[in-house]
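Asker: First the structure, then my questions, so here it is.
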Amino acid sequence: MRILIIEDEHHTANRLRELLSSYHHPVHIAGMTGSIRDTLKWYAQNPMPDLVFQDVELSDGNCFAIFEAIEISAPIVFTTAYSEYALRSFEVNNLDYIVKPYEKKDVFRALDKLKKVKDSLRNPGNEILREVLKPEYKGRLLVKLGDFYQSISITSIACFQSEDGLTIARTFSGDKHFVELSVNSLSQELDPRDFFQINRKFIISISAISSIRQWFGNRLKVTLKTPVEEDIIVSRERVRHFKAWLNH
């Protein structure tokens, strides 16, 4: 399996290379680039790889400029420190989406998915391939109620909040439930069409938004239909992606 790594942080690229090398099937790193310019040059001089690990933010711009410049037939695993690019990644041949830092289970999941796709190609049915590539998101969530657990529908949740090391799910009916997953982990398992991580503490449902107003420091303040004790502020670096999410 020939893999191209596109990552502008040298130590992060090396970490990914080490994880790929530990996979239980042979992996060959066909190349490593860190910019749009170098990546376009690599594609021009080399055969198409079997898989690409594609960092979204590169040293000279956003990676989607690459897909606008050339046609890439290889499946892509998008990687980034944030989850807000997930929706746009579906517009190209996205195999998987990893929120950094890299973890072995996430990298191996992507490689396993590619192997499954290749196996399915032996059967010409396109429906099988589409089913393999279809993203899987949580439909229900296990929450804790004292000494008991309950499974609730994701559609009943207005937001997730990180508080004192705990993750709280707030429902539209005003209930609070403890969740045994971090906000960052949840951001990878929720449908990005419905949920958005606006800062390190909050993931909100698009259906829960009551109002949005301009806030200090080029940020935005969001008011939800479900009361929350603290201000819900979209961090400055996520404002642009938040607006794009609302407009999809």
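All residue numbers here begin at 1 and follow the chain in the order shown.
Just so you know, glycine gets a Cβ as well, placed from its N, Cα and C.
Among the features that TrEMBL reports, domain 'Response regulatory' is placed at 2-115. What TrEMBL lists as 4-aspartylphosphate is Asp55. TrEMBL lists 141-248 with the feature domain 'HTH LytTR-type'.
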Asker: Starting from the Cβ of Asp55 (4-aspartylphosphate), draw a 10 Å sphere and report how many other Cβ atoms land inside it.
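Answerer: I count 24 other Cβ atoms within 10 Å of it.
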Asker: Over the domain 'Response regulatory' (2-115), what does the predicted model average in pLDDT?
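Answerer: 87, rounded to a whole number.
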Asker: What are the DSSP helix, strand and coil residue counts for the domain 'Response regulatory' (2-115)?
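Answerer: DSSP classes over the domain 'Response regulatory' (2-115) add up to 44 helix, 31 strand, 39 coil.
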